[in-house]
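Q: Starting off with a structure, shown below.
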Amino acid sequence: MKVGNTLMAARAREGRTRVLIVDDSAMVRQALALGLSTDPRLEVVGTASGAEAARAQMAALKPDVVTLDLEMPQMDGLTFLRSYMESAPVPTVVISSLTRTSGETAMRAMEAGAVDIISKPSLGAGQGLPAIMRDVCARVWAAARARLAPPDGAAPAPVATGASEDWIHALGASTGGVQALSRILPFFPAQSPGLLVVQHMPEGFTAAFARRLDALCRMRVREAADGDLVLPGLVLIAPGGLRHMEIERAGGVCRVRLVAGAPVSYSRPSVDRMFLSLAAAAGPRVSAALLTGMGRDGAAGLLAIRRAGGRTFAQDEGSSAVFGMPLAARDLRAAEEILTLDDIPARMMLAAAADTRAPSLASND
């Protein structure tokens, strides 16, 4: 089902983005309203403590984007989200406190159409709160511009290939990536080359995401741990929030290293950090794709993989929720092909099976 949010997206591009905050805590509503109001691109047009009040305000105020708490009295956030996504969809950012239960619920919210998920800022974060709120503002602003229409029709059948065991696939994504990855990962065959994923996501939520994908996919899926081997048939998801995921080769095998470091392109884990390490560790035997997301994270790393002789792809604008990261890759000529989301798994598998390699780029000219 295509979702008609063209008018809201156009209005958001033209002026200030209208935000409705839905949370049962008055203190959280006030803190979010104050924080979001510091961004000149955003206008908080209303707040609501529950689903019924939010529904009335959505009808009256026509917000461009909703921030939604999942744990609310009477009607919970997930049930409310599903109800309005069916009848009058609005781009939505889930802002949730992390528990194991809330992590699973957040994944169901993403499947129901939420654009992004943010860990609820701690009101006791002190001096770190302004930086946290800058990230929240940027992601709320980007969410209002996301395309909510999923790809039509069934995704392609898996491609049987004779890919070698030491080949590595890699995917990077941000806004809209949960839905994109949930769609394409199930179509990689069970014994596909090892597959590495960086999805921008808060600390703790990636474990729930990995469990959800493991139930959907032919390959095994789990959250990566330091020292994990990159093996055929296994998808490793970079843990959210605290460290970067890099790959090192030693003794003829590739291993995951979770390393400390400042955010790159405002992101940790960073797609660039993973891609750059892969270019050094396994460059000619890597196929990598940069999927939907805001910003530029991953573009420079994708270019490094292409220059090292690997195969590189990026998601096209029409199938991206936010055409930011793939656009940056296109502008750098980092991707040898720009593909629809549904075409990416087959092209990556065919690249792994092909005897020829993409030409290495000596320059960006």
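Cβ coordinates are placed from backbone N, Cα and C, and glycine is handled just like the others.
According to Swiss-Prot, the protein carries these features:
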- Ser174: active site (ACT_SITE)
- His200: active site (ACT_SITE)
- Asp297: active site (ACT_SITE)
- 18-135: domain 'Response regulatory' (DOMAIN)
- 162-355: domain 'CheB-type methylesterase' (DOMAIN)
- Asp69: 4-aspartylphosphate (MOD_RES)
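Describe each of these features in terms of where it is and what it packs against.
A: Listed in sequence order, Gln199, His200, Ser267, Val271, Thr292, Gly293, Met294, Gly295, Asp297, Val322, Gly324, Met325 are the same-chain residues at least 6 apart in sequence whose CB falls under 8 Å from the CB of Ser174 (active site). In the three-state DSSP scheme, Ser174 (active site) is classed as coil.
According to DSSP, His200 (active site) is assigned to coil rather than to any helix or strand.
The local packing around Asp297 (active site), expressed as other Cβ atoms within 10 Å of its Cβ over all shown chains, amounts to 30.
Taking all protein chains in view, 24 other C-beta atoms sit within 10 angstroms of the C-beta of Asp69 (4-aspartylphosphate).
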